[in-house]
Amino acid sequence: MRVILAQPRGFCAGVVRAIEIVDRALRQHGAPVYVRHEIVHNRHVVDNLRQKGARFVEELDEVPQGAVAIFSAHGVAKTVERDAEARGLDVLDATCPLVTKVHVQGRQYVAAGRTLILIGHAGHPEVEGTIGQIPGKVLLVQSEAQVAKLELREDTPLAYVTQTTLSVDDTRGIIDALMRRFTDIVGPDTRDICYATQNRQAAVRALSKEVDVLLVVGATNSSNSNRLREIGSESGVASYLVADGSEVKAEWFASVRTVGITAGASAPEEMVENVIDALRALGPVDVTTMAGHEEKVEFKLPSKLMQPLAAREV
Ligand code: 0CN
Ligand code: SF4
């Protein structure tokens, strides 16, 4: 079997930064440190940090007064920030700077007197965070069909922002529908979809032309990973989302010659290797990586974590 690895794939700069924040917090403060929500949507990442002393909670009322609390890469609502302050928590914010950028942009549109539409998936923590970062009402739109149902006059001054991990193609369709229906609407086009999401989607679209089966390494609750699997399916390739090699099923590969593998922005490269090992257990494999461009994005850590560690902590 031939295996072609997508390029780019796997960890993005926001995920690397978020994991590094938890790691450094543990070294600087000692265990436990508390993390609100999965730091990124990956069980292997979470389990690894838990073993080092991180405690994962869904809400801040599970965090003792004064403890170190880390917000996940997906961002939080203002109410969560205020709650943390009220509880005297020592906060480290691992919100991806590209998510924060959307919060800022949304607030600017509202300050300019526009009603804000958020294109995104209901219930996703990034969407809850973004809605909660904007003063006033935010209208959530999840599909083209919902554009027609918005109870707004066609000349209402509107603006839109989007979740960072959406399908570029689906978002384009929703934006086009908004532009058709409303006469005074502004927004960033699809540029709120982050570089990592866009690059992984472009790579998987190209890879889908070369392969019989596509494996996407990532978690079921990871938005960007799900979008990669959808692109494979839409390209007519049988596509599966797998957390690791244990989820790979032999029957997917009957008469298959070429398998494509990609990984969501929150999926560690060790899990890609683990999936390749699972394929090796089925027969000989020849692994290559597609030509693709290298990403050089890096984000700064919060200044609180930039102090040199004391000798005993290194
Ligand atoms: O899988 P993630 O933790 O998050 P979503 O794709 O579900 O948003 O990947 C990191 C992305 C962010 C923020
Ligand atoms: Fe940031 Fe994009 Fe990575 Fe999310 S997927 S953490 S928005 S770089």
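Backbone N, Cα and C atoms are what each Cβ position is placed from, and that goes for glycine too.
Curation does not apply to TrEMBL; its annotations are automatic.
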Residue from Ser167, Ser255, Ser266 that TrEMBL also lists as binding isopentenyl diphosphate with His41, His74, His124, Ser222, Ser223, Asn224:
Ser266
Using only C-alpha positions, which one of Cys12, Glu126, Thr164, Cys194 is spatially nearest Ser266 (isopentenyl diphosphate binding site)? These are the recorded positions in the record.
Cys12
Rounded to the nearest angstrom, how far is the Cα of Cys12 ([4Fe-4S] cluster binding site) from the Cα of His74 (isopentenyl diphosphate binding site)?
13
If I take the alpha carbons of Asn224 (isopentenyl diphosphate binding site) and Glu126 (active site, proton donor), what is the distance between them in whole Å?
12
Please find which two of His41, His74, His124, Ser222, Ser223, Asn224, Ser266 have the most distant C-alpha atoms, given that the record lists them as binding dimethylallyl diphosphate, and give only that distance in angstrom, rounded to a whole number.
15
By CA distance, which of the recorded positions (His124, Glu126, Thr164) lies nearest to Cys12 ([4Fe-4S] cluster binding site)?
Thr164
